[in-house]
Amino acid sequence: MQTSDTRALPLLCARSVYKQYSGVNVLKGIDFTLHQGEVHALLGGNGAGKSTLMKIIAGITPADSGTLEIGGNNYARLTPVHAHQLGIYLVPQEPLLFPSLSIKENILFGLAKKQLSMQKMKNLLAALGCQFDLHSLAGSLDVADRQMVEILRGLMRDSRILILDEPTASLTPAETERLFTRLQELLATGVGIVFISHKLPEIRQIADRISVMRDGTIALSGKTSELSTDDIIQAITPVVREKSLSASQKLWLELPGNRPQHAAGTPVLTLENLTGEGFRNVSLTLNAGEILGLAGLVGAGRTELAETLYGLRTLRGGRIMLNGNEINKLSTGERLLRGLVYLPEDRQSSGLNLDASLAWNVCALTHNLRGFWAKTAKDNATLERYRRALNIKFNQPEQAARTLSGGNQQKILIAKCLEASPQVLIVDEPTRGVDVSARNDIYQLLRSIAAQNVAVLLISSDLEEIELMADRVYVMHQGEIAHSALTGRDINVETIMRVAFGDSQRQEASC
């Protein structure tokens, strides 16, 4: 955090920035500043304009009007290359690495020869406490480590302005603390950080100033110490909410299709001594009508387990039983047809076709059941139903998924999974990068789905989310189930964290 009030000259000053898409005003005269050695947090609901503003600053998208003052010079527009030259680097919520290249190659990719310093990279790795095997493939990294590689790419370019988009969305509290420690070291060198997040406690911990965007404007801005939580929430909340379905319709949205019904409490998915990449000897039972939480530190094996259940990874041992039948040898498509549906952690690379229409994406898992060339009118009607149920904000069914904000993309992905009529729904970080209002919509929907006797496996790094939502909780530690299922009062953040660290062993993990 900023330690001196003498840093008067801003690193960045955006003035009167306007942007319009398809006749819709996305940014309406934004003013935004960032100083040396400070964290300026940017909050706002989905579609408030945060990502658009940051893309303009990073040179990805041009503004319609307005100026950017950087280093005392004014610019009407930037390109990504020019932004990098000026010391601006955007670390996206979904890190954009080359999975088939090594970590070292990813960090150095695109650098000019004069910037290709192995010693500099080693110094940065040491300063940030990272212990990567630089020769490992980037595709083997979890989300937390991919984010750190992105930050290292920016620092290798001598970036002075770092834009972090939801950097802690998939991190546990311990990993968040380690990230914040590293950010403090960067701030001490004069780097300025724009920190986009929906997590108010984290923002209060790390940010010097807060700006809240709503409907393309800055609705509130000030020093963190001078803004109350009520002020911030009120600024985020839309003045007028779109009229939606009634509470009962929204809460009890019926699943489509002729889905086999199970009585609540009936075992639907059983894992017997499962062993695979990143986990071993995992046994558990998931019952109809319950939300079973799966917690653990990043790297504990939760996502690897989920991908193995869905058939994306090879099973090395044990049995997967769905409705009493072994499905070890079934393909992903066959598991889907039997009602096993997976919502992946990384929505952009694994969940959505970003260039396809919203209607196509929502119905993507059911196209083969109706003939691949789906009926447009039916797809549009399906999309409209989920738009009302989840408050998805978009202009038209034909627009590409990549044009939506991150939170609305997540809602489209959830709709896609629900349209497949799941008996077992595995959701991996379902509220990652989603604002408070949308998060509550998703919570209501998951409860609604469980109330229809679907078995829900909830994987989340947000332990408060696990505590709020789960009926039972298993905790993974170093690839194994670390404890019998937690129930009742034992489902709390403190107990989950203790088990996640191997009971009382709170050893530090490397970056």
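In case you wondered, yes, glycine gets a Cβ from its N, Cα and C as well.
Features of the protein shown, as given by Swiss-Prot:
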DOMAIN    12-240  domain 'ABC transporter 1'
BINDING   G44, G45, N46, G47, A48, G49, K50, S51  ATP binding site
DOMAIN    240-503  domain 'ABC transporter 2'
Inside 10 Å of the Cβ of A48 (ATP binding site), count up the other Cβ atoms and send me the figure. 26
Determine the Cβ neighbour count for G49 (ATP binding site): the number of other Cβ atoms within 10 Å of its Cβ. 25
Calculate the per-residue pLDDT averaged over the domain 'ABC transporter 2' (240-503) and state the result as an integer. 85
Among all the protein chains here, how many other CB atoms are within 10 A of the CB of G45 (ATP binding site)? 23
By a simple count, how many Cβ atoms lie within 10 Å of the Cβ of G44 (ATP binding site), its own Cβ left out? 26
Please report the number of other Cβ atoms within 10 Å of the Cβ of K50 (ATP binding site). 24
